[in-house]
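Beneath this line is the structure, given in structure tokens, with notes to follow.
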Amino acid sequence: MLIIHLPFGSHFTEFHHCKAALHVRVCEPKGDGISSNRHLLDNPVLRARNDIGKAGASCLVRLIHVHDTVWIMAAVGIVGNLLVLFGRYMVGSRSSQAHAEHSLYLRHLAASDLLMGVYLGIIATADIIFRGEYLTHDEEWRMSSICAFSGFLSTLSCQSSTLLLTLVTWDRLVSVTRPLYQRSSSKTRVILRLAVLWGVATAAAVAPLSATEYFGPHFYGSNGVCLSVHIHDPYAMGWEYSAGLFILVNTVSLLFIGISYLRMLQAIRVSRNETRNTLNCREKVVARR
């Protein structure tokens, strides 16, 4: 921890160290881009003010901060995905076997995104509880079991969503590029795929909770929003895990999804041209007759 004593205050490398210098008039930095010494979520998303005339007539647009945005995203994530789960359950109960498999994938994807909505709700609630005096509760919050659970939810949601999107893309790729391929309709095989997928995502999210020497005792508590991504110190304990999980895995998945959709578009274009040529040939034969 680097401390620089100024004439009227102190300067630390991280803002939460200012808790040790509450007696000084000025303590820098005042935040880390997400949290500040007053609020857990303190990054203004939209700030607008429109002053009209000098007579005092003015129109002030309320400030919309990150905590408002997080509440909106949490509500949309929870309500929206619950509606998707309900809708897919109703559709899946009366759909064909092939459509039922795809519907099952989408239901699991909605459940994965629902976890992210719960995570955002926890962070938004913590922001309300600590609003105005976050600095005094910063360490207690970051080292708490609730923060660790929030980090677990965010990692589980991110990785399961990534893997599910990859699985759904693979399913669509096979359907489009190999339409005559006899696919196994066994529900047991589909459930086994999903079980393995959730098992891998859960293992990736649980690993930082092991409190090993590699991860440290509070891996998810490296920042106020309890993410497993090292936002401020890219080479903190366990940085290889974060880089591998959120850069390598996600990049490979993104490339696979992008290349797969390009192949699907190409297959659709070729199929459309072949169909058009077949129709033209038939029209010529009919015209000759």
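Every residue gets a Cβ built from N, Cα and C, even glycine.
Taken from TrEMBL, the feature domain 'G-protein coupled receptors family 1 profile' covers 80-289. The feature transmembrane segment is assigned by TrEMBL to 70-91, 112-131, 143-170, 190-211, 241-262.
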## Note on the structure
Lying 6 or more residues past either end of the transmembrane segment (143-170) yet within Cβ distance under 8 Å of it, the residues of that chain are 102, 105-106, 108-109, 112-113, 115-116, 118-119, 122-123, 126, 193, 197-198, 200-202, 204-206, 208-209, 218-221, 225-228, 245-246, 249-250, 253, 256-257, 260-261
### Task
With Cβ distances under 8 Å as the criterion, find the stretch in 70-91, 190-211, 241-262 that has the most pairs with the transmembrane segment (112-131).
70-91
